Amino acid sequence: MGVVSRERIETLTSLRFFAALAIVILHSKGLLLPADFLKDVPLNAGVSFFFVLSGFILSHVYSQKGVNDFYGFITSRVARVWPAHLAALIIFLAVLPVSEWVVGDVNAYLATAANFFLVHALIPIPAYYFSYNGPSWSISTELVFYFVFPFLLATSKLGLAIRWFAVIASGMLMVAIGDAINPEYFSVERFGEVSGNGLIYISPFVRVQEFFAGMLGFYVFSRIKSHLFGRVFICTALEFSAVFFLIVFFSRVGSLAYAFGDRHSLYLANFAIYIADGVMFSFIIGVFYVAQGLFSKVLSFWFLVVLGEISFSMYLLHQIFVRVIARHAELLEIVPYWARFVVFLIFVVALSYAMWRFVETPARFRLKMIFDFVRSRSRYLAVRNSA
């Protein structure tokens, strides 16, 4: 397994690209791809993959040393996500009209501030959590996970069962709230009102169980990894099983869960899907974390690793330009769907590489330096004032 840093595992980095591609395909349907393309595949599970992977990787990095510096941990995580968010936001403002910035009868100033500071996922109203660049809601959700992670890690002595119960309880609380107030799950006509989508799909209090599933996945696979070292046949079989499991899961679990939801609770059905997503992706990520099979050899190819590196920028940028193209959809009528999507994907990948190379990566280090300077300056002033 090639590992460039403690935070980059090449096989898992490559998988990030395919998760981002699933989201790009989802948001391209009906405009750049046929509306029924992969109609039975829950492409939005790509977001679940990112949540699970985040819990897995953070556990990989911090399980031994712990999070002894909360400020340093949080600022390093913010420095990884906020510069790309800001860059995408600036591009959004430059290419889309004011009428598309905040949609719905809500406080535009609050929506702007919430989006800028990445807290908009905490407001279960579509006009807020989908304000400006829509996909940024998931970064806001994940930011909450970063604040929770040190406590989940520090309470490991309480045992897995207790921590898992606490995580599930937070989700069940949101399910209970959804069932109690029973808002419209999602409606364009009620964009400025509380939605079931905001209470369940967007809520970090629901989606945190996927993040924790990633932590559990690392706990399991870090203990069996050494026993699989060098066993190419067994690891290849596991990787094949993981891919097969993914296909079967996508073809079955959604229909079963929503059949349950039609008869009982739509909110509970969605929550059950996220739990299942967490378990499934935790297994798949763990298998490719071992990285001893033939599939892993392919995923370690440098080009796929680079595509994985730019996946965050790709995730943030793609919908902006889908919306730009949608404003001129009549120009696409003579262009075949496959040509539309291929050209669009090449453009997004190229732009994402540029943003990763010239904005996301250098800005991460500069912003971290600023955070460190602020802390050292604050300490200096505190000492001087106490003298």
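Keep in mind that glycine also has a Cβ here, set from the backbone N, Cα and C atoms.
Curation plays no part in TrEMBL annotations; they are all automatic predictions.
Pulled from TrEMBL:
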DOMAIN    12-357  domain 'Acyltransferase 3'
TRANSMEM  15-34  transmembrane segment
TRANSMEM  41-62  transmembrane segment
TRANSMEM  82-103  transmembrane segment
TRANSMEM  110-130  transmembrane segment
TRANSMEM  198-221  transmembrane segment
TRANSMEM  228-251  transmembrane segment
TRANSMEM  271-291  transmembrane segment
TRANSMEM  298-317  transmembrane segment
TRANSMEM  337-359  transmembrane segment
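Ranked by the number of CB pairs under 8 Å to the transmembrane segment (298-317), the listed stretches 15-34, 82-103, 228-251 are led by 15-34. Two recorded stretches are said to be in contact when at least 3 C-beta pairs lie under 8 angstroms, sequence spacing 6 or more; the transmembrane segment (337-359) and the transmembrane segment (41-62) fall short of this definition. Packing against the transmembrane segment (110-130) from elsewhere in the chain are residues 81-82, 85-86, 89, 101-104, 136-141, 143-144, 186, 190-195, 197-199, 202-204: each is 6 or more residues past its ends and has a CB under 8 Å from a CB in it. The listed stretches are 82-103, 198-221, 228-251; of these, 198-221 has the most Cβ pairs under 8 Å to the transmembrane segment (41-62). Listed as Cβ neighbours of the transmembrane segment (82-103) (distance under 8 Å, sequence separation of 6 or more from its ends, same chain) are residues 111-112, 115-116, 118, 127, 130-133, 136, 139, 191, 312-313, 316-317, 320-321, 323-324, 355-356, 359-360, 363-364, 367.
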